[in-house]
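Shown next, in structure tokens, is the structure this report addresses.
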Protein chains: 2
Amino acid sequence: MQSFDLDKTDVSKIKAALGGSDEELKVILEEYHASEIAILFESLAKEDKQRIINLLSVEIASEVISEMHEESHPEELLLQLHPDKRTEIVEELDYDDATDIISQLEEHEQKEILGDLSEDDASSIRNLLSYHEETAGGLMNTEFIRINLNLTKKDAIDEIIRQSEEIEEFYTVYVIDDENTFQGIVSLKDIIKAKGNVKITELVKAEVAWVHPDTDQEEVARLISQYNITSIPVLDNDMKLLGRVTFDDVIDVLEDENTEDILKISGVSEDEELSGNWVEAVKSRLPWLILNLGTAFLASGVIRHFEPTIKLIEVLPAYMTIIAGMGGNAATQALAVTVRRISLYDLTDNQAYRTVLKEVTVGLINGAVTGLIVFLFAVFFDSNPMLGLVIFLAMTGNLLIAGITGAGIPLILKRVGIDPAIASSIIITTFTDVFGFLLLLGLASKLLL
Amino acid sequence: MQSFDLDKTDVSKIKAALGGSDEELKVILEEYHASEIAILFESLAKEDKQRIINLLSVEIASEVISEMHEESHPEELLLQLHPDKRTEIVEELDYDDATDIISQLEEHEQKEILGDLSEDDASSIRNLLSYHEETAGGLMNTEFIRINLNLTKKDAIDEIIRQSEEIEEFYTVYVIDDENTFQGIVSLKDIIKAKGNVKITELVKAEVAWVHPDTDQEEVARLISQYNITSIPVLDNDMKLLGRVTFDDVIDVLEDENTEDILKISGVSEDEELSGNWVEAVKSRLPWLILNLGTAFLASGVIRHFEPTIKLIEVLPAYMTIIAGMGGNAATQALAVTVRRISLYDLTDNQAYRTVLKEVTVGLINGAVTGLIVFLFAVFFDSNPMLGLVIFLAMTGNLLIAGITGAGIPLILKRVGIDPAIASSIIITTFTDVFGFLLLLGLASKLLL
């Protein structure tokens, strides 16, 4: 439980209020936090969202827009507003949030919005737009508290209070020298606790993690998570302070990266929007299905090769689906565990080797156990112990191959610098289909004919 | 890039230093942050870890232990230490970290460790051990800064400085009344900025998100992420302040929950340790494979039913694997997108309905396109246009079923309160196997015989 929790009642309440006067609507809106209004927006029509934004103060309106999920397209809402209102809101936004939203627009629309801003704001945003979206530069905010190394405690506190008029949230104060070169960090707490009017030089913590603007967002997230810090400074090659990335951006990055992983492993393009329409979904998935079709023809070729065997042992097709299906699922299991393990830890060569060895063991055991069940079925239901033996061997062999490929392929991909999650179930199940049929039908033609 | 980055050189460096004297090793260790030593520990032997912990100051040693990943089993390392050293380290740990580690031990081992602590520390940890690991109570820390509502600015700052001797990190100050009832939060920044010697009553922000100790950890993570806050207070039914959960715990929760999702969707038990041994892996996966075997017999039964048809049209088994494989992969795609969408957003009934409708459209289109390719293959390779038509219809029908089940089943599970990720690829592919064979073989026996 918590003081704020949205449900259908809230959506109905807002929808009912939309039928009333602006004044009534305003009263209802005051009950909600900006991030809650952003969530409620997901259930509202375009015109209603515009009306609400126009009723809200510029502070709340800009917070709502910055809290809207990327997939709710805050940039479209922004475009639909009156240019004056829009400019007010964009100027109120943090530079990094404004950049994220504006970057989703066409170039001529970006120009239109930036043209209405003060030259200072426009050039800051233009600068941030130049970084790739998925790097520290693309995530960073250029507004933060920075104080000079040579200030005394008293002057530093005054300076922090002055700068914090502009900056809502900060958890760390950055320390620079006269040339804007980064010197380290200091916490507000340590400044206050310091006895006497000491200089910041004596309080600064110099050994801190930092990143380049072109550091990948996953690495930024890893560092913030590893060092449990609320923000990480972004420095250029001359150690000049460009900005900071905060923990809340990292939480969003983690959600995005995890969505990417789960989609890729399932054979969906990583850039398919979860709430996108069918056109995007077809574009994202059809290429993978066509690739899968190619690999399915391969498995199909194996079956064609053994058509004479199948003609003689009519029950074989019924067992083929069992061997192939079990192999595919066992491979998906090994793949999921290995991909996730690679994405959370850096494995040494020795650990990678032991991972494959473990999956070989698991494949052999799970293959033997499930193979034994099917053996018993073949003995008692089809009264054919020799067929049972063939199936037992094929099942064990195929689950062994499932373990080797499910663990080995992502590890090899990682080693050669390719994202291991691309070793989707589509690729992996090709191996288990082809080898499963080869084993079952090959053994059948040797041992049963 | 960043100032700290570990690679194989670091591991070799530590390993080389382990060959030398304690003094030499100490010098090398000073180059590393505690969280880096925790990572290096993953490559070291038990005895080496013990030796390093004994060489480090108690502050660094406790930080290393708290930063060790759960799967590296810090509790085992702790048990192996001399009882005096162990007590020092546990007393230095934050209560929540100590609880996490101790909770992994057997009851008699827990008693042994807690018995050596001061009564105060032992009872705090015992209290935290009583909450379920995956709730706010299990995540919370009971050490935080709390000040009385009636303090003046000056007294409040003195009180914060006094309390912060004990508490390393804090980002928010909690405000309570004389009965320890939670009144809201205030930031250190706002206290410092306040003009004159005002009372805290005038600065406190009362409308804030909070949780109960039994709130699920996923909900805690969602709130911290939604409100972009560094910590969230944990209150009991009488609004008494019990503790706080901080953003760094939430980052860990997100990683864990995402691992769970990716494992469950792939038919692996959520509690399989990624770096566990083969025994655990077999225990975690074999039940799912046996379930899959049951469903595979179902698909196999459909094939048996159509044995006479297959006998007459020998090429059918070669096409069966294509129809079943494509259906399984299309269903996995729809499943991944839907499960991920459910876990990030709360869908209304209308949105759920539109999601299924979208997947129906995607299934029909992807089915028709890939079906057409196989149709052409049947016409030109097998010179059998009627067979081509049957395959085209079966493919389109099966990808339609893939869309309906891949999106529909997780949505239904969510509605009835079951974790949608349990609708693993194993369950979903049963439908596409059974219906794929039914469609292909049923149509073939009607239209081709």
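Cβ atoms here come from the backbone N, Cα and C positions, even for glycine.
As recorded in TrEMBL:
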- B:140-202: domain 'CBS' (DOMAIN)
- B:203-260: domain 'CBS' (DOMAIN)
- B:318-339: transmembrane segment (TRANSMEM)
- B:360-381: transmembrane segment (TRANSMEM)
- B:387-413: transmembrane segment (TRANSMEM)
- B:425-444: transmembrane segment (TRANSMEM)
Q: Please give the sequence-distant neighbours of the transmembrane segment (B:318-339): residues at least 6 beyond its ends with Cβ less than 8 Å from one of its Cβ atoms.
A: 261, 265, 299, 303, 355, 359, 362-363, 366-367, 370, 374, 378, 387, 391, 394-395, 398-399, 401-403, 405-407, 409-411, 420-421, 423, 425, 428-429, 431-433, 435-437, 439-441
Q.
Across the domain 'CBS' (B:203-260), what does the mean pLDDT come to, as a whole number?
A. 89
Q: With a Cβ cut-off under 8 Å, give me the same-chain residues at least six positions beyond the ends of the transmembrane segment (B:425-444) that come close to it.
A: 265-267, 288, 291-292, 295-296, 298-299, 302-303, 305-306, 309-310, 313, 316, 319-320, 323-324, 327-328, 330-332, 335, 387, 390-391, 393-394, 397-398, 401-402, 405-406, 409
Q. In the domain 'CBS' (B:140-202), how many residues does DSSP put in helix, strand and coil?
A. 20 helix, 16 strand, 27 coil
Q) What counts of helix, strand and coil residues does DSSP assign across the domain 'CBS' (B:203-260)? A) 25 helix, 15 strand, 18 coil
